[in-house]
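Summarising the annotation, TrEMBL assigns transmembrane segment to B:20-37, B:43-66, B:73-91, B:97-116, B:123-143, B:170-190, B:220-239, B:259-282, B:294-318.
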Amino acid sequence: MHDPILGIRDLDAFYGDFQALYGLDLHVDAGEVLAIIGANGAGKTTLLRSIAGLMKNGAEQVRYRGQPIGALRADQIAALGIALVPEGRQLFPSLSVEENLMIGGRTGRKGPWSLDAVYNLFPILEERKAQASTSLSGGQQQMVAIGRALMANPDLILFDEISLGLAPIIIKDIYAALPGIVGEGMSAVIVEQDITKALSVSSRVYCLQEGRVSLEGASDALSREDISRAYFGIA
Amino acid sequence: MSRSRYHVTRTSRTAQVAAFLGAIALLILIAAPWWAGRAELRLIGELCLYLALASLWNLMAGYAGLVSVGQQAYVGFGGYLLFALTIFGGLNPVLAIAIAGGLGALVSVPVAALIFRLRGAYFAIGTWVIAEVFRLSFAQVSALGGGSGTSLPTGIVRSLADGRAAREALAYWLALGVTVLVVASVYLFLRSRKGLALTAIRDNELAAASLGIDIWKTKFLVYVVTSALTAMVGGLIFLQKLRISPDAAFSVNDWTAFVIFIVVIGGIGTIEGPIIGTLVFFALRETLADLGTIYLMVLGLVAIVVMLKAPRGIWGLIRSRFDLELFPLGYRVQQKQDKGA
Amino acid sequence: MDWVNAIVQGTLLGGLYALFAAGLSLIFGVMRLVNIAHGDLIVLAAYLGLTTSVALGLHPLAALLVVIPAMAGIGYVLQRGVLNQTLGDDILPPLLVTFGLSVIIQNALLEGYTADPQKMDAGALETASFGFGGLTLGVLPVLTFAVAVAVIAGLQWMFYRTPLGRAFRATSDNQDIAQLMGLNKAHVFGLAMALSLAVVAVAGIFLGIRTSFDPSIGGGRLIFGFEAVIIGGLGNLWGTLVGGVILGVAQTVGAKIDPGWQLLAGHLVFLLILAVRPNGLFPRVDA
């Protein structure tokens, strides 16, 4: 048995007085696609923000390649090779499409991803590269957000609700691109509302409920009933 | 546990004690001309006027969110109007100061209409530009001494009261009276419906707007009232000094920087803060004044450290430790004294 | 011809005001910080230039080689040591802390250099002039204006064409997401303040060659810079240059009508533009 690329132990998270995560334990194995599902407010986004360093954690609560990273700043974590595709795209409105991609690459990490590689994956972006990122359609903006994260050549990429607010046909396109992305030896964590989508692309799944893990298992081994119970908390 | 064991009250034991002690302190202060020497009387008068300026700035910045660095505009305006109305209008100085207040309110209306277009920190510097316009304009009035200023003619000074001691006592009582008026108005205003609305705006502008509180109108009102009272304080400051010049009347350091430091050191957004801050400011000044410029550097440094390390000021530190409120604004739930058990 | 002369001299004076304004505009654009001590820092740079040129026997313009890095270093340390802690939704902490800095700098200069007005000796440059279309132009004002144009063009290029400028814009847009891209915002803000004070260094030296200065004049320079920024429109560097020129022309034309009206005329034009075009003449069109 090999060590996981990411290990989370006893993680709590707070927004002021509100506690969003309660003693969460979770790990990501190297090279796997892990799905995290759960209802709104279950703590999925908070978990990704904690991993990426946007929330304050204890150093030992998050370990990456065996190294404690919980207390590092987001920019230090990015330099170690963890990238987040944030919920709602969050592109930089003052930057053009190409500039958004370029700023993703500023960690200077080596790897297969470059402007050309991203344009190969999403050819439409090359046509639009000089445009303001805000002038693109929602699906194209999502492509920029994914490309921006890939430009950092991360070893672990975190996707937060990449299908939210997009048309079904676009979602299909984006998921079709996914194997080409994680096939490069990257590990990925996918937070997704659409359970079927989440199960179909992942090898393992965690279900969160009110800040705790309510179910964990191989994606193809879980039954619909198990999932609904873990999802909605119906006993 | 029955509900009747609790009751909602606005006052508290501490507030009652504070009110009692405050009344005694006020009586002692009113009697000051009989027990204090000339220099002390002057100092207490000056302290009172700084307290009034600090309370007014605190109302604007700490409650209405109007962070102005241009209040010297109204201090100087009030001072110059005292001189103009007495010298050219032949008015009694006390009446002149009251009228200066009214005119201060009048002038502040178009000023507000203009600078309320600026947001946040740019509003702040906008108020400073206004103060500069006032300074340069009064410097153009050659009848008031132009750029070098003028003194209040002895005839006018004499018209105030017979004898120097009586005049100084009167100037002192006016300063004390205006300060009590200012602190009491701020207190009563904050207890009123509009005042509560203001606190609601400060705590959450978006939520307050959704409750239908007209933010602009309330802020406008605060600005105008503050301007009027600041102009009156300005009149009194220069009634004490008896001499005015554009640079002294519109000094950003004297009438704004120090006032802001007082409020922040004492505790912004509380009524008690300016009182404590004024006492600290004068204590520092009286002990370190010999150091001159070093004293001012220390003052700036203290203000920076307080802002970074204890943004609620000295009163904030005291209050968080002891849950005190000397000027009861909020309501609190108290357990009734259980007489039966 | 007198009026044309006043307008031309005012335009050249506007270059100096644009130099006052550019640094202010830069840090507001990157981190929404309004630095009340900006004017006092300009005066500090003038004194640094004075001391450097006297101590090393340099021409004031050569002193720039020392003063620019010195001011940039002060800016970086100031930002990371103090000002970064004040940034947030509340505008009071940065305002108060920079106000405190302003008082500290003023009094430190008083302590070190007294209140007596000082001036830098730039030799022949101060009086050199040339004729142009019937007007006599001073070499120094023309040089100041040219430097202002070059500084603004340089900032514009840096902002829109370099990785540093990209980092500034990204951090200004969304600090959290910029941090995810590996940008340490504390460092980015430090660099922005360093750059702002590098421009302040240039402004201070040209101010000190042109006129005499004393520790109390910082507030006035802040206001001129601020007015140029607002007249030109927030976030528009070329607009800032135009704002400086309008302010300069208003002042020289005002002074021509009555010497006492010089500053007043500038402020009144500013208030007039605020009344008519509250967002300035050329506000940045946000995408």
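Even glycines carry a Cβ here, placed using N, Cα and C.
For the transmembrane segment (B:20-37), the most Cβ-contacting stretch among B:73-91, B:97-116, B:170-190, B:220-239 is B:170-190 (pairs under 8 Å).
If you count C-beta pairs under 8 angstroms between the transmembrane segment (B:43-66) and each of B:170-190, B:220-239, B:259-282, the highest count goes to B:259-282.
With Cβ pairs under 8 Å as the measure, the transmembrane segment (B:220-239) is packed most heavily against B:97-116, out of B:73-91, B:97-116, B:123-143, B:170-190, B:259-282. Counted over residue pairs separated by six or more positions, the transmembrane segment (B:123-143) shares at least 3 Cβ pairs under 8 angstroms with the transmembrane segment (B:73-91), which defines the two as touching.
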